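What TrEMBL records for this protein:
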TRANSMEM  12-31  transmembrane segment
TRANSMEM  43-62  transmembrane segment
TRANSMEM  83-105  transmembrane segment
TRANSMEM  117-137  transmembrane segment
TRANSMEM  158-175  transmembrane segment
TRANSMEM  181-202  transmembrane segment
TRANSMEM  258-275  transmembrane segment
TRANSMEM  295-315  transmembrane segment
TRANSMEM  327-347  transmembrane segment
TRANSMEM  359-378  transmembrane segment
TRANSMEM  384-404  transmembrane segment
TRANSMEM  441-461  transmembrane segment
Amino acid sequence: MSEYKLFVQRIGLVGITNILVAISSIILLPILTKNLSTSDYGIWNQVNITLILISNIAQVGLSYAMNRFLAGETDKTKIQEGVYSILAVVLGVSLVVAGALYIFSNEIGFLLLNNNHSVALLLPLTIIMSNMTFISLDFFRTFQKTRKYSIFYLSRSYLVLIFASVLLLLGYGIWGCVFGILISYTLLMVVMFAIIVSEIGFKIPRFKNIREYLNLSLPMVPGMVSSWIVDSSDRYVIGILLGTVFVGYYSAGYTLGTTIQLLVAPFSVLLLPVLSKNYEDKRKVKTVVKYSLRYYLALSIPAVFLLSILSKPILNILTTAEIASNGFLITPLVALGALLFGLYTILSQIIILTKKTKIIGVVWIIAAIINIALNLIAVPFIGIIGAALVTLVTYTVTLAFILVYSSRYMTLPFDLGFIVKSIFASAVAGAFVFLLNPQSLLGIVIVAVLGVILYTIVLIISKGFEKKEINFFMGFLRDILKDLKSVTARF
């Protein structure tokens with residue numbers, strides 16, 4: 001029980017970190033939308049989704065290999081060899097990719113960035129620092145250094161917020177925003193690498209185990225790229241067919257809807273290392289998966305209801321009336337799709353644990369083909385709403401595949417009774433929020449909090465949670481508050 005409690009505490013700490021990250025995104029959104037043109041805001045989103053795509057390619061899936069093979073390792077020499085081999089390979093691939101981006105910067109600026117070639121020239125260096133930042137973060141995730149991981153993950157978002165905002169307000173426009181990303185990632189990378197060296201020492205890698213790592217990770221690259229296609233290519237299609245202005249409309253509602261993914265982020269960070277350490281104890285693995293699914297759904301189901309109902313007033317506050325009126329209907333569809341993606345994220349850890357990563361790659365390739373085909377059909381006829389519908393359909397298909405495959409390795413521990421109770425409680429809370437219809441920031445916050453309280457009360461009355469779970473979480477929340485107070489001192 002103590003080990004599981006520690007896991008839940010780490011989930012809570014990373015969860016709180018992701019909430020704070022979301023707050024940084026919420027702060028940055030109005031700064032961007034009110035100081036950039038809608039077209040330049042569209043460019044900002046194109047840059048960010050391009051960083052994600054290149055990161056998926058350049059890391060060649062080695063973040064998964066680090067988690068799978070090094071999470072339970074105690075031999076310092078083996079840890080050094082593994083970590084520095086992975087860092088070196090990622091750096092090498094990143095340099096090659098960055099060179100290609102520099103050579104084709106004019107074409108990238110024309111196709112994706114509304115002819116903004118100065119931003120296109122920033123991409124190569126930004127790509128290198130982005131990739132090295134992400135893979136270094138995985139060091140702290142792998143060895144369950146949750147406090148440091150949370151601090152660096154949080155720092156990444158707030159450094160971007162600070163530098164991008166300052167440079168934008170100083171008059172450097174969209175170029176300054178992207179340069180702010182580069183500065184932030186460079187500073188963070190230097191600090192993280194220094195800490196990694198101080199903890200494990202430095203060693204020039206001999207790449208002894210890199211073949212084994214790549215055997216696990218390479219089959220996942222097509223899947224990760226395909227996953228990116230499902231998650232982000234809709235904005236490329238919209239940009240090419242409708243223009244970057246419509247990317248701006250779509251991205252605001254999409255960003256709000258995908259805040260649901262923050263709820264699964266702690267599980268994606270911590271679940272695989274925990275499952276890997278307990279690989280031989282099948283019952284413990286099943287228990288961890290069961291409670292991960294249960295608590296994720298307990299949070300994500302009401303979040304979908306609340307975001308769907310409050311999307312327009314939230315976007316009116318955070319963006320412009322033009323963006324809000326064109327983008328608010330995107331949020332409900334994307335939020336539901338994000339919930340399904342969260343379920344996929346948890347269940348896919350079972351497949352990664354069994355090293356059947358080719359399955360994940362095949363599933364995402366199929367999903368990507370479906371996504372691109374449907375977007376090319378839907379976007380010209382029903383615009384950005386069509387892209388949101390395609391996102392929902394694609395995540396539904398992806399989850400269906402992963403349910404089938406993961407059930408071959410484990411009886412899936414879904415609690416259908418709890419899911420029904422959660423949906424009912426969410427509907428009651430959603431009706432309450434809809435009737436009050438808040439429009440001001442303070443009104444939205446107050447009504448949302450009241451909605452969450454009402455959801456919790458209805459769920460408890462309907463016996464969605466057992467008494468021992470309630471007592472456990474009350475104690476857990478007290479522990480988390482104490483833990484957070486000591487994070488800075490202990491770090």
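First residue shown is number 1, and so on along the chain.
Even glycines carry a Cβ here, placed using N, Cα and C.
Note: TrEMBL annotation is automatic and uncurated.
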Relative to the transmembrane segment (295-315), which of 83-105, 117-137, 327-347, 384-404, 441-461 accounts for the most Cβ pairs at distances under 8 Å?
327-347
Using Cβ atoms only, state whether the transmembrane segment (181-202) and the transmembrane segment (441-461) have three or more pairs under 8 Å that are 6 or more apart in sequence.
no
Tally Cβ pairs under 8 Å between the transmembrane segment (83-105) and each listed stretch (43-62, 327-347, 441-461), then give the stretch with the top tally.
43-62
Spatial neighbours of the transmembrane segment (117-137) not adjacent in sequence (6+ beyond its ends, CB under 8 Å) are 43, 47, 50-51, 54-55, 58-59, 62-63, 66, 86-87, 90-91, 93-95, 97-99, 101-102, 105-106, 108-109, 149, 152-153, 156, 174-175, 178-179, 181-182, 185-186, 188-189, 192-193, 196
